[in-house]
Each structure stands twice: as C-alpha cells, then as structure tokens.
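A.B. asks: So TrEMBL has the following annotated:
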type: DOMAIN; residues: 4-132; note: domain 'RecF/RecN/SMC N-terminal'
type: COILED; residues: 175-255; note: coiled coil
type: COILED; residues: 284-346; note: coiled coil
C-alpha cells in the first residue's frame, strides 16, 4: 500500500484546499514551528477514522474545522481525502487500482466517510486501514516522543507492532468485530428462545381462550333462541293488548263524537252571546274613553284652580303691600303739608316784623 495524494480543505490551519503529492522515495515536510506540519499527520489520522478529539488536540470533533482568523472567516466544513495505490490486492478492491478514502465533517451534522465515493461506516474505514497494516492508532504513525516509548514498550505493545508489520493487524480487528457479531447473534438467539417460550405460553392461553370462545358461542346461540322465543311471546301479548286498546279507542272515538256535538252546540251559543255582548263592549269602550277624557279635563281644571289660587294670593299680598305703601305716603304728605304750613306762618311773621 502506498499513499499517492493527500487533499485537505477546511481542516485546522488549512483554510484553502491543499494538495500534497507523495512521490516515490522519502518525502519530508519541513517548516518553522506553527506552520501546520503536525496538522498534516493529524489530517491523515482523522481521515483513517480517529474518533478521539483529545488525541487531535481538541475538546470536540468540530474543533478540527478551520475556526477563522482576524482576516479570514471561519469554515463550516472540513474535508480530507487520501488517495491510495492498491498494490496489496485487497479482495473487495481487487479490480480497483486506486482507493480513495474521504472523511467530511459539517457543523451540527457530524462526520461522514466515503470509500471510492460510496458512503460507508467509520468501522469500514478503520478495518480497511487495519488490513493495510496501518491506521489512526498504528505504530507506524510515529509522533514526537513516541520513539522513546517504543523502546520502553511492554511485550504486548511490541507484539502489536510486529503483528502490524506482518500484515495481520486487520485480522484482529475483523476477529473482534466477528466476536461482537457472534455475541450479538447469541444474544439474539437467547431473545428468540425467550420469545418462543412466550409464544408457546400465549398459544396455550389462546387455545384455552378458543375453547372458552366455542363454549361462549354455543351458550350465545342458546341465549339467542330463548330470546327469540321470548320475543315471540311478547309480540303475542302486545298484539292482544293492542286489540284491547283498539276496542277502547273506538269507545273513546264515540265519546269524542258526542263531546264534539256538544262542543258545536256550545260554540253556536257562545257565538250568539258574543254578538249580544259586542254592542255592550262598544258602549263600555266609549264610556271608558269619555271617562278618561273627563278625568283629563278635571285634572286641567284642578291645575287652573291651583294657579288661580296662587295668583289671587300673590295679588292679595301685592295689594296689602301697596296699601301699606299708600298709607305711608299719606303720612309723609301730611307731614310735608304741616311743615309747609309752619314754614309759611314763620315766613309771614318774618315779613311783618
């Protein structure tokens, strides 16, 4: 297996689409600290099916999406494509000279995996790279400080490295998956056995219910026959009562006819009395109308009398006031005449003097 090309877009520091062609021989990527060398390795691991955001130096898987800078907006999608040369003759890709593996993540929608354009599970991608003796957690992916840990590794860890080098790493993954499937199948068989027992129990109950239903049907038929007989007897009784009722009804009709004749006679008598009473009613209405008119005239006369009394009282008071004023004026005139007479006499005496 050989990596031929790596395409990265929107992943961590790679905002724009970046194409990395991996030629024959040794390929080295150099650059200053912070230029994104580690991001290339992490892009490989991520595309191979890495599920731990912490191992990719993030708190969540969406942290791998380009978060933007002061002069670049953030992205909503990250995508990594790996193009592999199929020289391992993997059975399911025997007729395919190249294998393209793609992983794509979109905010709030999660990751999706593709092999040669067909959407697959993450597990399918992980098993593919395990069959190729590599993967996101492969010892062949040597990061900083890992060389020392390989030297001091436990025998079991070294065994994993040797198994991968021998090309049997994928067998363990497939064996583990087969064991999981076998365990799931055994659980399903146990569940199926439990379901069969429940079905057998339900079948016994259903048979019992069927017997009870048959017995119920027989009893129901007997009840229906008895009910039909009872209904027939009731109908006979009702017909008898109906006949008696009809006879009574005929008697009532005769009584009604007699009452109707008497009613007609009473109606004629009532009409005669109404004709005799009608003039009296007219006279009564006329007298009532005259009485109402006289009452209205009496009320008007009473009101006029009240007004006349009020005006007479007012005139009497005015007359008394005028009489008092006249008497007062007479006194004033007499006083004035006395004064004139006295003054005249005094004037005469003065002239004679």
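Any Cβ shown, glycine's included, is placed from N, Cα and C.
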A.B. asks: Averaged over the domain 'RecF/RecN/SMC N-terminal' (4-132), what pLDDT does the predicted model reach?
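C.D. replies: That stretch averages a pLDDT of 89.
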A.B. asks: Where DSSP helix means H, G or I and strand means E or B, what are the helix, strand and coil counts for the domain 'RecF/RecN/SMC N-terminal' (4-132)?
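C.D. replies: DSSP classes over the domain 'RecF/RecN/SMC N-terminal' (4-132) add up to 31 helix, 40 strand, 58 coil.
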